[in-house]
Amino acid sequence: MSEGITDIEESQIQTNYDKVVYKFDDMELDENLLRGVFGYGFEEPSAIQQRAIMPIIEGHDVLAQAQSGTGKTGTFSIAALQRIDTSVKAPQALMLAPTRELALQIQKVVMALAFHMDIKVHACIGGTSFVEDAEGLRDAQIVVGTPGRVFDNIQRRRFRTDKIKMFILDEADEMLSSGFKEQIYQIFTLLPPTTQVVLLSATMPNDVLEVTTKFMRNPVRILVKKDELTLEGIKQFYVNVEEEEYKYECLTDLYDSISVTQAVIFCNTRRKVEELTTKLRNDKFTVSAIYSDLPQQERDTIMKEFRSGSSRILISTDLLARGIDVQQVSLVINYDLPANKENYIHRIGRGGRFGRKGVAINFVTNEDVGAMRELEKFYSTQIEELPSDIATLLN
């Protein structure tokens, strides 16, 4: 039985692990996995990734409390991919989610991260035929699914569990409150006794604590509080630039019509940051550029210069979107819409923290319109078309 688990208050667990790894490069990940991580758009690990990836890779049972939008899926997906033996063509990691939509979303993330690896991922969910399951389960190394369908397949002997070494429960609180408790318990009993258990949950009700007591061995406990970011006080606009090639012209036109002390411009790739920096410098703008490959010392110098006002424009990848406060910035420009929806609030929150007002302008191509509508839905917000009197908004 896991020591001390039953004494934890329902609202929050106590962290008992304090190791933090700040860079993916320092996690000793498989080279092809690392390529997938950077290719997916992750640059620097989020708070939960800095704390939970390593203990999972090391084989500890892990109980992590974190809200959605903190990088949980990336956490257990990266750790699971690192632990998979690619030479074994049988299920080695089982990931459970409360809904088929979430299971499909997880499968998509795992497959993207495993793009350069020889790993097969099967989604075991309702709405597909058992024949498809039988095919997919034969040689998939990672299975993502909903409890009912997974249990059904194990019972029908389509899903061999003898090689399973990791059992991951995402959104455990939701899963247990949705009446899956019995099935989850039954699945547990059908896995090898040495299976590592990883449980992620936003809250810690008794149902979840009971599972940890029954099935986890001295788990590493990690609590990550979500950044209290809000879009309040930030005016959000978009400019339809139609095609990618018109973005630069639009940016310089914008700068001709407004007077801004400082701005942060976000691009999705290092290459784009470098290209934009060169163009703006050629047009006599004072620009700094920052991305994750830069040595820490150089990054610190660039940030210092920007804070002191000696450069007016800071161009960055999503590295800056978390954890670096630039309080004096009143304008954020998303030259590219973020690849991950969660990064939107981290990017534009720059100008709006500490009660300061801010303006965010999104450059949107015809292809981006759908993604922008998704952002509006995700954050229950509205992004208006940029008005012609933009200058008055920034003064």
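Cβ atoms here come from the backbone N, Cα and C positions, even for glycine.
Straight from Swiss-Prot, the features:
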type    : residues                                               : note
MOD_RES : Ser2                                                   : N-acetylserine
MOTIF   : 22-50                                                  : motif 'Q motif'
BINDING : Ala66, Gln67, Ser68, Gly69, Thr70, Gly71, Lys72, Thr73 : ATP binding site
MOD_RES : Thr73                                                  : phosphothreonine
MOD_RES : Ser77                                                  : phosphoserine
MOD_RES : Ser129                                                 : phosphoserine
MOD_RES : Thr146                                                 : phosphothreonine
MOTIF   : 170-173                                                : motif 'DEAD box'
Among Thr70, Ser129 [recorded positions], residue with fewest other Cβ within 10 Å: Ser129
Average model confidence [pLDDT] within the motif 'Q motif' (22-50): 91
Chain-internal residues, separated by at least six, CB under 8 A from Thr146 (phosphothreonine): Leu96, Ala97, Pro98, Thr99, Arg100, Ala103, Cys124, Ile125, Gly126, Phe180
Where Ser77 (phosphoserine) sits in the secondary structure, as DSSP reduces it to three classes: helix
Least Cβ-crowded entry, counting other Cβ within 10 Å, from the recorded positions listed as Gln67, Thr73, Ser77: Gln67
Gly71 (ATP binding site): tally of other CB atoms within 10 A of its CB: 22
Inter-residue Cα distance where the pair is Thr73 (ATP binding site) and Ser129 (phosphoserine), in Å: 26
For Lys72 (ATP binding site), the three-state class that DSSP assigns: helix
